[in-house]
Each structure stands twice: as C-alpha cells, then as structure tokens.
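In what follows, a structure is listed as structure tokens, so that the remarks can point back to it.
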Ligand code: AMP
C-alpha cells in the first residue's frame, strides 16, 4: 500500500516524499480513507504510531478541496491537544505536511502572551492547534469564532481528561457548530473517554491499531525494587553500570524532578529537567538539547513529557511510578518505536506497590523484578501480579493492637495486616465526568 493508493493529492504526496514517509502506518491506512469519506473517528493509537499524519493528511486534503475561504477571526479546523509541547509538535507536523498547500496553520497555548495570538487570528487560520484553556480565552475575548469550523480533532483525549480538562471540553463543545466532523484519538479507552466519544462523535468508525491498554511488545520492561531514599543512588549506579547514553527519566512531582536534576548535576552528570513550573521557552530548550544529545539525562513529569516525539530512545526510566496507571503506557511509548527495541526500567519502592499492581493489571503482565546487589530494599515490595492482587507477606504472629495508630506511615496497612490491598482507589485518578449530559453545574 502507498499513500497514493489511499487517495491523497499530489502536493501532500510530494511533502511525504520530502519527509521520507514511504508506507502508511496501520493507523494511517485506516484513518486516511475514513476521514476523506467524511466519517467521524474514534481511534485507539499511541504516540509513535503515526497518528498525527493519520488525521492531519486527510484533514488538509478536505480543507484544500472543500469549503469556503477562511473568514477573519475564524478557523476551519481545530486540533485540541492537552499540552503546549504537544500543540507545538502537532503544529510542526501539520505545517510540514501542508508545505505545498495554500493553507494557513497556527498553534495557540497558555503560558505565553495572548496578544500576538489575537493579532495572528485576525486574518483567520485554516487549521488551529490549541490547548483547551487558551482556546476558551481567545473565544471569550472575541478573537476567535468557531461558526466556520468543519472539523474538530481531539488529540490524546485521555490525557485531556486526566489533566482535568473535562469542564473546558464541555465548554468548547457548546461553542462548536453541530454539523462538523470529529476525530478522537486516545492511547487508552476508559469509561470517561467512551462517554466523551458518545457525546462528541456521530456514528464513528472505531480504529484500534495496538491492543487495548497493552504496552508495546518491543519494549523490555522490568522493575528494580529499592528503598525510596536510595533511589537516586541506585539510579546513578545503574546509569554507570549500564553506560546509559540518553535516558528519559520520569519523576512524579516537580520537586522530584528538580531534586534529581540537582543531584545529577552535582555529580557532574549532564542532566536537565522539564515540568509545568518552568517557562515554555526553558522547557523547549531543554527538550531541543536532549534531542540533539547535548543533554544526556532529561528528567520530566508526565504532564511536561506528554506526547513528546523523541525518536529512537533506547531507554526510559521510571524514577517514580506514575499515579495514573495509563501514564505508564504513555511513558514507555517513547521507546521501542517503529520496530526498534527499547527498555523501560522502573525503580519501585514499597509504598508504590499499589501503583505497580495497577500497571500490571492494565498491561496484563507481571513485570519481571531484578534485584540489584547492594540495593535490596529493607522495606520489601510485596509481590504483585497481573490480576491486580497485592500478595501478602507470610503472616507474622499477631501483635497486640497499639492504640492511636502511630506506627510507620503507610507501610502497616498492606505489609503487615495480611489484607489484600485495594489497588483501585488510591491509584485511579479522580476524574471529573464530562458534563455534556448532566444537569445544572455547581459553581466552583
Ligand atoms: P506520531 O505518532 O504522529 O507522533 O508520529 C511518530 C513519528 O513517526 C513522527 O516522527 C512521524 O514523523 C513519523 N511517521 C509518521 N508516519 C510515518 C510514515 N508513514 N513513515 C515514516 N515515518 C512516519
């Protein structure tokens, strides 16, 4: 199969040739004809599958061949993305695909001044890539009208809900024309996503290019149990032992990112960090330097790293496990792309056992544990498996119950009590259900 047989027009084929795309990826092979035929789409596809071209190519073609010229302060197609980085990245791809077409493209997101964005929108743009919050700001300030909108793309919809954008999406939904084409892309399909799809899509074609909620098979994954306080030391040890060259490291919090970067830099290791507290320009610079191999270790939070297209990354390290199990799939999706093998190593301490269990249940696999000599944890990480059970430790003789529950924080509950820990409540994100079909909303 070629892009020409999918029915793409010559200016797009020429752009693809320049980019060196020879064969459509599975998501492209399915999405391109469906979008060209005007269908709504509900696609399960992770970053790295070629999903951006899957929606952008047919979208560009439809906009070129159909519809009126874009009016002032209007957009004909809107691509919603969860983060600034992803918006920039998607926009860069769209602009590349559109290089021989008479279409205008632009990206808007928060964290930078709104005025230049308002100026730019005056003439209207054919394709607008946006993060939800900034889009709403622009709409409310009358810098953008959506009555000319033909197509809406929700990129990484699961992530938008995880980041708490359900209310923004509901607001945007009310701003849209009823008659439009809608394409929804999501790496995972939770009930909330299905609810959103039910509201936003009209008789969608479902596309699934990788098994649902199953992490890429080409990624070798394992876990190193360790005590929490020894994680930085273990990381440095593994890095030196494995002669790691370029590693993307995930930490749970912004402080965690900063602390690890400081520690690594203190040891003369070339490391940088990205998280939501850093200005956009600083984040972009760190990312560019990492991509250019000027930075060896990039430490990131999930939000900052979401959707980043870093190719051929050999190794991803989870310094902390993600609170949301689906993020594990997103994280390790940075490696093992396009048939390359990759490795994903998770440093797991005892109080992350419920997260580990949730990840194993979601990915339907029991992750191999490799104990690192001299780093065996004092606080044992209870056994887990893909059934979601945290396997209890052999019971110690029962101690008399102490009054007041002083004891060790967290540990007692699932290590000593002999109970099977409830995996769900502590890991599942508290997501607001999209509000499209609910009654009057309470003010925050
Ligand atoms: P995406 O999943 O959209 O983030 O794309 C992942 C990477 O694959 C990007 O670097 C794209 O440029 C690249 N890519 C997408 N489609 C193709 C294709 N058909 N052939 C080669 N590379 C592609």
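Glycine residues also receive a Cβ, built from the backbone N, Cα and C atoms like all the rest.
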Which range of 1-29, 30-58 is motif 'Q motif', per TrEMBL: 1-29
Cβ contacts under 8 Å made by the motif 'Q motif' (1-29) with residues that lie 6+ beyond its boundaries: 36, 43, 45, 49-51, 53-54, 57-58, 60-61, 64-65, 96-101, 207, 209
Rounded mean pLDDT for the residues that make up the domain 'DEAD-box RNA helicase Q' (1-29): 94
